[in-house]
Structure formats: structure tokens, C-alpha cells
């Protein structure tokens, strides 16, 4: 049966305050975060349930959304809701320390794990692409990836430019839910940036939310602005309406030399996320319905041109890296044999953090009050007094990042500190310092929760890039530890067949029971990241495991 229930002309907004609409905060929290994912301030295309990342949805269709909401409002604290690719399929008796929701999205048996088969199922209403935090109900807008992008740019500055990006500029493309973080991250890291985007509506959204500073009228204007701002040492972000597969080759032809090149277009999904050269967006969307194979071919041909230009920049000695959208794979399939000559961002800049379980720890204020986030910011500084880099991030985040939907914060911390912060937040709820409970979650892009050979697990030391036992173990352990909701997805970030990953969210409601769950979950979750990297032979991870007292029988036993 074809699914015709993916569009509804409605605006969704999560309830605010401390009055429950469900039976407890353990069910109110997933309800509010589901709704928050579809807030028009948060989602890319909420009327079609699309949160970010091409077609990353929060629910399979509107009938499923309605039934999820209805079920969460009646769910008891000894029951668990099962969600299968965005559809609520069952409620079962469990116990009070079990997750209230268990989610599996987009998972396919490996032989069938490709876009063609998935799209057939999607068209029949039998599947949903959950991306990473879209279908797991913990997306917080572009802030969710700002710090990770910032950390990447800062580390690139350390490695290539002596620790400073002042007077430098980044060339990139894509201003969607993930890519939209790039201009602000570059600015916070001290660099100018030129951000190419083919949809004017996305540029408008990033201008409105202050993620990008200016829009140039054409390429010449953009380059003039870049030249002016870099000469003045100013970190200003510039958007340019255009197609990266046209603009990058033109820049190569002109001999323009950026200081860093990357990309965050939705190249992972050629049918829905990458505009072929010479096409309008309307043509692209229409032909995706009538000629999907031709659309995919045209998109991948344009990606090949795009990647070739990136390779041309790299040949000039310009730091060039993939930012996790699988564009190198798409280009390789289209004949660019050396597409992987430039690295992904994780092996190039982020893996040492993952070895210590450091990753995108995030929290949201269910109250809707910004002041609750500012109080937690202060608590983080109090509990981690000597980390000047982290303090600078929090100060910049408060000054520059506009909240989208429920106020939230992201803060990269690792094993040991996550549990410490979570317990402190729970105590703040208990004492009344915070006006309502907090939810703590993370991106699936974390140290122990994803297997993705072209992104997070690219070039693992022991060659275990494609082993996907690790996110399964992470999901199982978070379930056993008492996370409030746990998710297990396929295909996020890099597309069907290229990743498996898991997520968790835990509620801080101020109770003793919550404190026990928080201590378990926020220790065990990052602990799996240290375990995974120690098992792969990374000395940093082995040392961290020993320092933190992890029991790893083959390593610390």
C-alpha cells in the first residue's frame, strides 16, 4: 500500500513548563522531544515530518505520529513502547528501570541494505529513514553539530596553521540541518568561510538563526568579501546561492586558494539530497518521483565533478577533508578512482577525542526556559574548572548560538565527566534550581555507538572499520542500564549500507531512581567508546580505560 500521509499543514511545538501532559516525566520527555524535532524552528521540512539530512524523519507518517503521541500520553512507568521505523508497533510490560521507548529505524538485512530497496519500502509505507537524531527524537537544530565542527576546525588549525585560523578561510557547501553548523563553527574557530548552498530557503534560515553572517550576490562578490575580511583578520561567514559542483571547479580554474576545503551537502542520499548541475530544485524533486534512476545517476555525476575539484585543491597542498556525507564513495562509484585520497574528518582530527570517550554530550530543558540552560552552563564550568577550551566554547555558545525549539546545549565531554554532570543536573532539578526536568542525550556520532567505515570508523588501526557489533552492544548496554529511550539505526550520515549506529536519552527528573540510572548510563555509554578504541589498539584508549577503572578482560584484566 502506498503511503500518502506524509504531508500535513500544521505547526508542532512541544509543551513548555512543569505541567505534565503524559503520566510521568519519563514519558513526557520523549513526547516533548518528538514534538521538538518537528518544531518549525528546528526541523528542515516539518510538514513532511523531515527533521534534517535529506529525508530523515521523526515518524513514518502523520498517522504514526498521532498514534505515538497518543500512546506516550497513556504509557505507564512499567511499560515500554516499541517503535519500528517510525511506527508504534507495540506496548509491553517491562519494569520501572527499563527504557520507556525502544526504537529501531531503517534497519535492513545487509544484502538488501541499499537505497533502491529502502526506497521501494519507503514508497509502500513500510520503512522510514531515521538519520541519526531525527528518528530518535534528540535533534536540537544545527547547534547539535556546531561544537564537533568547531573542534574539527580548531584541530585543523593546530595541525596546519600553527594554532590560529585568523586571516584564513574555509570553502565548503551545504547549509542544511548539519551543514548549517559550518559557517558559525568556522567563525567561532577564527576563520572566514564561503558556504555554497543550492536552496535559497536554507540560506534564509541560517541567516535568520545567525548561523551565517552574510549572503553574497554572486561568486565575484563572495571572493571580494573573503579577500577583505581575511585581510582585516575578521571571522565572517558568507553564504553563496549556487551549486558546489559548478562553483568549486570554477574556483580551481581561477586559481583561487582557500585555506581549508570540506563539504556537508546531503551527498549520502543522491535521490533526495544533492542537486545535479544545471537542474532547478523543482526539476530535481519532480524527476525524483518519475525517474529516480536518472536522478541518482545525474546527482552522482555531479558529485564526481565536485570531488575532483576537492582533489585538485588537495594537490595544491590545501588541507581537504570529507565531513562524513559519503561524497567520496559516491564519486568513486562514478569513476573517480582516487576519491579517497583526501581523508575523513574523524581519522584526520577527531579520533584522539573518541579514544577517551569524548563526544557530543547534549541536553535540553523541558521547561522551555533559556535560564535553565544558562544555569547548567554555569554548573559545567563549576565542575570542570580547569578546562579553558571548554569554558571558551560555553561562552561563545551563549553569545552566538540561537536556541531552536526547546533550549539546549552541546558540550563535548567524555568518560567520567558525563556522569558527573548528569548527576549534578539531576540534583538541580531535585532542589528546584531548574524549573523542570532535563533530558541528556547525544548524537549517534559518538565514540562507541557507530560503525561507519567511511566516517567514524574510517581507517581503524586494526582494520575493524566495518565491524558493527559495537553499536549493537552499545544499544543493548544502554537498555540494560536504564536509559529512558534507546535507538538503533542504519544508514545515518552516509546512507544505506554504510553505517549502523545507536543512541540513548536519559531523563533527569530529580529522583533517587533517576540518579542511579544516570550514573549507570552516563558511565557505561561513553565507556563503550573507550572499550571499542582500546580493543582496536589505541594506546590513548587503553590508558583511559585503566585510569577510569574499566573492566576490559582482554586489556585491563
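Cβ atoms are placed via backbone N, Cα and C, with glycine included.
For reference, Swiss-Prot has these:
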ACT_SITE  411  active site
BINDING   53-54, 131, 177-179, 197, 202, 243-244, 264-268, 274-275, 323, 493  NAD(+) binding site
COMPBIAS  455-464  compositional bias 'Basic and acidic residues'
REGION    445-464  region 'Disordered'
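Projection of Swiss-Prot feature records onto the structure.
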{"residue": "53", "record": "NAD(+) binding site", "contacts (Cβ under 8 Å, 6+ apart)": "129, 131, 132, 134, 176, 177, 178, 266, 268, 269, 273, 492, 493"}
{"residue": "197", "record": "NAD(+) binding site", "contacts (Cβ under 8 Å, 6+ apart)": "173, 174, 175, 179, 203, 206, 239, 240, 241, 242"}
{"residue": "244", "record": "NAD(+) binding site", "contacts (Cβ under 8 Å, 6+ apart)": "173, 174, 196, 198, 263, 265, 306"}
{"residue": "274", "record": "NAD(+) binding site", "contacts (Cβ under 8 Å, 6+ apart)": "265, 266, 267, 299, 302, 303, 330"}
{"residue": "411", "record": "active site", "contacts (Cβ under 8 Å, 6+ apart)": "147, 361, 362, 380, 390, 393, 394"}
### Least surrounded among the binding-site residues, given as 177, 493, when other CB atoms within 10 Å are counted
493
#### Entry: Residue distribution over DSSP helix, strand and coil in the compositional bias 'Basic and acidic residues' (455-464)
0 helix, 0 strand, 10 coil
### Task
Enter the number of other CB atoms within 10 angstroms of the CB of residue 266 (NAD(+) binding site).
27
### Three-state secondary structure, residue 244 (NAD(+) binding site) (per DSSP)
helix
### Query
Any idea what DSSP makes of residue 53 (NAD(+) binding site), helix, strand or coil?
coil
